[in-house]
Amino acid sequence: MLIKDIVKACGGRFLWGNEDGAIEAISLDSRHMEGKDLFVPIAGEKVDAHRFICQALSLGAAAVLTNVHRSSGDVKEELEKFERGGGDARAIEDRVWIGVEDTRRALQDLGAWRRKQISIPIIGVTGSVGKTTTREMIAQALSAGLRVFRTPGNLNSQVGVPITICSIPEDAQAAVIELGMSEPGEMERIAKVAQVDCGVVTNIGVAHIGQLGSRERIMEEKLKIQEGMNPQGTLFLNGDDDLLQNASASEGRRTVYFGTSPRCRYRAEDIRLEEGHPVFTAVCGEKRIPMRLSVLGLHMISGALAAMAVADFCGVDLEGAASSLEQFCGYKGRQQIYEVGKMTVVDDSYNASPASMIAGLQVLESLKPGARTIAILADMKELGPEEVRFHREIGYYIAAHPVDRVVLLGELAREIGRGILEKGGNTSVEFMGNLDQVKDFLSRETKEGDCILFKGSNSMRLGDAVSWFRQKLEEA
């Protein structure tokens, strides 16, 4: 993107540097610049990233947005301050500074401007659980006939979505964009940037219920994915979700349901598990396509059906899409299955909600009948006033579907143990105070043949324990 275009798109002011330059990428992290980046400093609750502008420029950023510096004099003063602090101001004095009123808003404006230049179909994915896996499954299905770009990593927020839109390459034929939401109004803001051609809503759960108050309010916010959507667009809804099955697209747009209900245009029939793998017939309008997924658990069928529906929407051959989907093996930190050290590790550590934790436990149960099962479970965050009840109900589930050993990390996770005991479960339950104790348990108590599930909110850092454990087993 040309610097001149960025200034215009953001409604900004050129403050300093070579106005004839261009940038190739956008970054929020001052520590990781790849050259010709635009650094966008965001003011957070604890740290205002404007303090790292000169660091970003010295590491290769070509330009920066700023709402702190208002004139060339302000920029000159900042460079002099950098020099006094031991930095090399001369090395970065030719870099571009663009003044804006608010860097977050400017980034969104830039994303919306870039979106208007893109003519390929853009598919938006949202929901309480399974957004990333569904995003990846849709991309996998579309890849049978198209060059597909998808949201990199977890760039699904108010600042992540604009970066994603600006990152779509010229040769892409379709893009699958994940839209996350954790507070009222956020979905509307990012949906107006993404301006999707079709939207997929995976389900309505209780993640972020603390901020929104009820599942009904969560659904209301999720359905705002239609803000900015193509007026003739299509909204794909999970017909098995008790709330979404009664929802529909706004006037002028088409509503299509996927699921197992007979009313769903894209549905699964003849469902069964073979060694934990879902096997079913995908009914897509008049077509019936037998499928066997490589991922585990019946809950994966929903994402596969959404992917088939979107593939049909984009004109991809459905048999080819199904064949491609059958090769999908999951996404990092989301029910990734590893056979290592003669043990089976289920890495589902990236995030957790009540529905996804139960799904993980179901996968653990179905993996290897007769094998010893161990569930390493940590707190589920952002569940609001009912968080204790939600954790306790996981314990009730385990009491009814026993796991051989349960290891719990975090104060809220203790409620899982209380739920198990309350229902008279015969599962061995152990409480851990920190990750080091979890690692010690894994070193002492695991053995060949074990199946081990790791599940908890990302902030609990169970992913660190997974990485450590896998490395330990591989080196043994």
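Glycine residues also receive a Cβ, built from the backbone N, Cα and C atoms like all the rest.
What TrEMBL lists as domain 'Mur ligase N-terminal catalytic' is 23-110. Sequence annotations record features per position, and here TrEMBL assigns domain 'Mur ligase central' to 125-311. Under the heading ATP binding site, TrEMBL lists Gly127, Ser128, Val129, Gly130, Lys131, Thr132, Thr133. What TrEMBL lists as domain 'Mur ligase C-terminal' is 333-457.
Taking a C-beta cut-off of under 8 Å and a sequence gap of six or more, Thr133 (ATP binding site) has these contacts in its own chain: Met300, Gly303, Gly330, Tyr331, Arg334, Gln335. Taking Cβ-Cβ distances under 8 Å and a sequence separation of 6 or more, the neighbours of Gly127 (ATP binding site) in its chain are Thr134, Val200, Val201, Thr202, Asn203, Ile204, Gly205, Lys222, Asn238.
Sequence-distant contacts of Lys131 (ATP binding site), defined by Cβ-Cβ distance under 8 angstroms and a gap of at least six in the same chain, are Val125, Asn156, Glu178, Leu179, Gly180, Thr202. When pLDDT values are averaged over the domain 'Mur ligase C-terminal' (333-457), the model yields 93. Thr132 (ATP binding site) has a Cβ environment of 24 other Cβ atoms inside 10 Å. Taking H, G and I as helix, E and B as strand and the rest as coil, DSSP gives the domain 'Mur ligase N-terminal catalytic' (23-110) the counts 35 helix, 18 strand, 35 coil. The ATP site is defined by Gly127, Ser128, Val129, Gly130, Lys131, Thr132, Thr133, and by the 8 Å test on Cβ atoms against their centroid, the other residues of the chain that qualify are Val125, Thr134, Thr202, Asn203, Ser356. Around the Cβ of Val129 (ATP binding site), the same chain contributes Thr202, Asn203, Gly205, Ala207, Ser353, Ala355, Ser356, Ala359, each under 8 angstroms and 6 or more positions distant in sequence.
Around the Cβ of Gly130 (ATP binding site), the same chain contributes Thr202, Asn203, His299, Ser302, Gly303, Ser356, each under 8 angstroms and 6 or more positions distant in sequence.
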